[in-house]
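Feature annotations, courtesy of TrEMBL:
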- C990: active site, glycyl thioester intermediate (ACT_SITE)
- 696-1022: domain 'HECT' (DOMAIN)
- 26-77: repeat 'RCC1' (REPEAT)
- 78-132: repeat 'RCC1' (REPEAT)
- 133-184: repeat 'RCC1' (REPEAT)
- 186-237: repeat 'RCC1' (REPEAT)
- 238-289: repeat 'RCC1' (REPEAT)
- 290-344: repeat 'RCC1' (REPEAT)
Amino acid sequence: MEAFSKKDIIHIAASDFHTAFLTSEGEIYTTGSNESGQLGTNLAENSFFPEPVAALDTQIIIHVDCGQGHTVAVTDAGALASWGAAEFGQLGQREAVDVLTVAHPRILKGSRELHFVRVACGSSHTLALTGSGSVYSFGQGVFGALGHGNTESCSTPVLIDGLWGFGVVQIACGENHSLALSVDGQQVFSWGWGKYGQLGHGSSNNEHNPLQVKALADQMIIQIVGGGDHTLALNNEKQVLAWGRGHWGQTGLGTLSDVHTPTQVHLPEGELVIQASAGVRHSVVFTESGKIFGWGDGEQGQLGRSAREKVQVSPFLISDANMNGLTASYIVAGGEHTFIVFQPCIKSSQDSMISEERLFSIQNGDLHGDGLRHVRVPELPSMLEGTGDNTKRLHSIGHAIEDIFSSIRFIVIAFKHQPSFWLNHMDTSNSSRKEYSDFGDHGLDVKSIRNVYQRILELRNPEILKKLGDSLIRLFMSIEKHMQNVPHSRWIRALLIGLQCPFVGEKGIGDMVSTRIFSVFSKLTFLDGRKITFWLSTYPRDIFGGRFVRGVLRYLSNRKEFTRSGSIPHDVAAALKTLWYLYEANKMEPHLLYSEFYSKEISESVDLLEEYLKWSHAKYDKDLNTLVSFCQVPFILSPQAKSKILQVEAEMIKNQVVQASILQHLSGNLFAFPFLVLRVRRDHLIQDTLVQLNVERIDYLKPLKVIFEGEEGIDQGGVTKEFFQLLCRELFNVDYGMFTYEEETRNFWFNPNSMESEETFELVGIILGLGIYNNVILDVHLPLVVYKKVLNIKPLLHDLNDLQPQLGKSLQQLLDYEGDVEETFSLTFQITYDYFGEMKTYDLQPGGGNVPVTNENREKYTELYVKYLLEDSIKDQFQSFNKGFQQVCGHHALQLFHYEELELLICGLPHFDFDALEKVTVYQGGYTKDTGVVKWFWELVKDMPLEEKKALLFFTTGNDRAPVGGLGCLPFIIQRNGGETDRLPTAHTCFNVLLLPEYNSKNKLENRLKLAISNSIGFGLQ
């Protein structure tokens, strides 16, 4: 064609009666019939020579296709331009609804935002493919060729929902049927007219929705082609398959009969095909050796001069590798005509109008015929490896980001452990064909994801960052719209990639991205939630904590309100559901301390009473499908907040019990009293307490008052504190025999050989419960496993480390040992223990003394050993203890606590930050923080050894541990108690008040203070 002697034609689109040519400079030329204005030129008549489409001179065109009477092109900006026949809406122009033809190209409004990259035209319908792998359709729908589930026509581009999530990389049209190829190459979809079997489903039925061609499920397809009423597909083994109408032999299967399922076309001498094309009634292929074969109708010469018959039912050679010294590049079959495009023969740079940059691309095969093949997913990591910030590079990166991060399929393909076929290379192994759908592996390259995000940030380009954010927003809006109607395998991994984005938790566009991601998390089904939880648990700690957990917490900290009209806003609830999945994942594989999930903002700003009431009265499911109270996600609440909730509950219960007692008293029950009053003797503490608590069980929930026999004073809290301290000291005295003391860990443990009654162990549980209930910190040293058991959490091997760390270490070594366990350790399922100096044995299973511990059963041995030590050997003692504890504290609020928090609640903090106490101290009676004696006091305190600090704390508050939240949460008062004197300082422990005389020297203050705190048991000093 002389018209293109100085043009580089990189793509041709040919229909029945007109053809469009695309040059390497982005120009379009058209020729042929112009009956409906499909040429887009100023000519009113048909054209016998290619003419430029001048109306698109300001655009750079990257793809074009032709229908029977219309033409559609794609610009480099991703917009669609269309012209020609418009009767059925095939131009996609809303304003051309009642128009039969549009002679001049028009850009479709709103198409640029969708970023189209390919088009395919049928007789009177059009498909358009976006860079993110979504397919839109418009035009005639009478045969269902639009794929919208009906036969209605459509005049504007509409998304084909049936292809959502598959990541389509190629589209094709026959006259009245449509085709799509997914990015993995394993899924070919067809729909529309099926009379001749052209859909490949084994029938002649029409299909109104995209339906996978099952016969190709085991193939790796790399190209699809739509003929008039037949279809071709090319696989990665370079074989052609054909199906559909066979009346003119266009299937090439040696028959004139229709073929309803894909069948391989056999070429002479096993030629391998690299590209195929189809006209209305003929087909042509281009082979690896450079030969061109064809078959079908050749009546109009469309099969070349060598065709012996008008109808060729089997492939025959049309052209050898070279024709007049030229090498073929690609082929195109039109309605009843065929084009062969050759590589340009460039003699010198003077004779060529092709730039050096274009020449390089041509010689490397990057341009010619690309429009006939699948779209490649951009290799974003390698694109980001480049340097410089030139406009062209940033433009390409921007498009790549939009295409990948707004596509649920491409985003996963781009970050899989194993690169797919579509990333510019071929992998035909089975593993590359499998979806990473097994429960154990998300299949994502976490490091690559992190690096890509980091590289994008390093570009420091606001426009690029905005494109990333906007793309992720579109992605998760799309997922939320479709997730209930499609398998989770299509979209669930995108959640992990999105959550790893550094925008999560940040303000601005990050806030919108986060909201969309969390909204999808909040709608996960139970099974999907389990899978995502497991996958989250497998992430490295820096990403899990630094990116995931902190990102969600930052998002929550940016919220302006945590409740709205008494309920939790959707965005907050969705973020909390996401954090809940992370918390559950952290329980599977501990990455973070439980305290790193606390939300300071929520803990300090919400109405805890209201949250407790909503939680205790509302019905909700444990999987948080309905979030009515922050108490449903207790891991976000600080220990201080939980402690306040527990005290709220305790006060409510106390008030109810007091009111009931008053009503009983008014009704004539003279023994009804609103307080639980204990009268005890100091030298018979356990006996007196046990007797009274056993009699007055119902009174546990009343406010507690303690009276020491023979001592004056009203109990305003200080006496109760001392009572608990003294009682615990006696109960946990090793000589009493209820508990043993482990020197290595400095913890007490239930004595399995104790002779004490069940009631005595029950008393210990009651005392711990009363301590919590009455907000008294106890001097108790129990291993954490006790609190786990109280919360019904099964003990494990690592729990033994708080009790007998050497034994725990030995059992772990047994599990880790790589040699012969039986020969090396000589253990059996029988253990020995000390019973008052006598060694006894215990079988971990029936006949355990005769069962050796081996490599095969060592896990069972360890499990049974731990169970014996932490459960079976102390079963009776713990059951009694737990019974007593639950009688007092077995209410709703206890469920909020983590077992470590429960220990903190009972025992307080063992750490002392007196700087924090100094900051919150209130001064009365004329003292200020600048008073001399006050300054001396704090100087002395900070120089005290630990034991003296604990003694001071006990002297002033009645306890030697800090409350939940630390000393900064302790209401502490220093009050002036007269001027210079020899009197000792005193304290009101019930109010945490230190009565401090204004001594005239620091030495005297030190002497008086230390004497006072060393004699602080009892109330004689007050």
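Glycine too: its Cβ is placed from the backbone N, Cα and C atoms.
Bear in mind that the values here come from a model prediction, so they are computed numbers and not experimental data.
When each of 133-184, 186-237, 238-289, 290-344 is scored by its Cβ pairs under 8 Å to the repeat 'RCC1' (26-77), the top-ranked stretch turns out to be 133-184. The local packing around the residue listed as 'active site, glycyl thioester intermediate', expressed as other Cβ atoms within 10 Å of its Cβ over all shown chains, amounts to 16. Across the repeat 'RCC1' (186-237), DSSP helix (H, G, I), strand (E, B) and coil residues number 3 helix, 23 strand, 26 coil. Mean model confidence for the repeat 'RCC1' (78-132) is a pLDDT of 93. Summarised by DSSP class, the composition of the repeat 'RCC1' (290-344) is 0 helix, 30 strand, 25 coil.
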